[in-house]
Amino acid sequence: MQSSNFGCPVPKVTRKGGGAALPWRRRLFARIVAGAVRAAGDLPVTVKMRKGIDDDHLTYLEAGRIAQDAGVAWVALHGRTAAQRYSGTADWSAIAALVDALDVPVLGNGDIWEADDALRMVRETGCAGVVVGRGCLGRPWLFADLEAAFAGDGRRVLPHLGEVVAVMRRHAELLVGHFRTERDGCTDFRKHIAWYLKGFPIGGETRRALAMISSLAELDDLIAVLDPAEPFPVATLGQPRGRTNAPGKVFLPAGWLAARDDDAVPEGAELADSGG
């Protein structure tokens with residue numbers, strides 16, 4: 001499967017016409033998606049996008065139809081505009097509207113913190129499935145919960161601290177293998193530590209030390225003093241995770257909104273990538 005992401009709201013991407021800004025240029029969007037489908041051959045292509053730039057510049061219904069006509073297998077919608085970033089709550093009614101507008105399957109995205117949220121989204125919107133973003137930060141077992149939930153199994157994974165630490169260690173090890181050096185891998189892993197340990201009673205000094213690790217040995221020394229029997233902090237279930245920044249201005253290339261049918265690729269747009 002090939003996934004094309006048009007959902008990123010961060011300024012370094014949108015100011016070059018990429019991410020969530022791009023579907024506004026409908027001819028350019030159509031050309032890019034059609035090109036991706038052709039290049040993918042027999043591989044299915046999915047497109048992920050947001051509702052639009054802001055409430056005055058919504059694009060998701062038109063962009064969904066364009067993507068469908070181009071031959072994508074699925075369309076995923078994050079129920080927020082780029083201006084919302086990760087603030088407030090996702091508009092699941094927009095997902096339902098897109099389901100009604102398209103023949104291809106629609107995947108819903110936004111505020112899936114627990115498996116029950118996914119079940120509720122499918123029930124309320126009619127979407128064919130869900131896309132998980134921030135909800136799995138520090139909780140990769142959320143996907144096991146989702147599998148169980150969609151199979152009708154009400155059991156959920158509530159790992160003790162020892163199990164969480166084992167996942168943390170493996171995650172760090174894989175990042176070290178991905179990056180050029182052990183230091184680079186451990187440095188990248190630092191941003192995940194707070195999410196793994198969210199809600200567990202761990203002292204501030206230990207948390208600060210974990211946030212500064214530069215080697216797997218340092219990580220091992222610090223996690224060795226944690227109590228493996230500490231139960232999962234169920235009070236954190238259902239809480240938002242990841243970025244929760246406020247709404248903000250969407251930075252766009254000069255004249256972007258005035259020329260919807262311009263299909264020229266903005267200079268430097270292909271050099272930027274991020275999440276969404």
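Each Cβ is built from the backbone N, Cα and C atoms, and glycine gets one as well.
Database features, via TrEMBL:
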| type | residues | note |
| --- | --- | --- |
| ACT_SITE | Cys8 | active site, proton donor |
| BINDING | Lys48, His78, Gly133, Arg134 | FMN binding site |
| DOMAIN | 5-220 | domain 'DUS-like FMN-binding' |
For Arg134 (FMN binding site), the number of other Cβ atoms found within 10 Å of its own Cβ: 18
Secondary structure of His78 (FMN binding site) (DSSP, helix/strand/coil): strand
Binding-site residues compared (Lys48, His78) - highest count of Cβ atoms within 10 Å: His78
Cβ atoms near Cys8 (active site, proton donor) (within 10 Å, other residues, all chains): 23
Per-region confidence, the domain 'DUS-like FMN-binding' (5-220) (mean pLDDT, whole number): 97
Cys8 (active site, proton donor) in three-state DSSP notation: coil
Maximum Cα-Cα separation in Å among residues Lys48, His78, Gly133, Arg134, which the record lists as binding FMN: 15
Three-state secondary structure, which DSSP defines for Gly133 (FMN binding site): coil
Alpha-carbon distance [Cys8 (active site, proton donor); His78 (FMN binding site)] in Å: 10
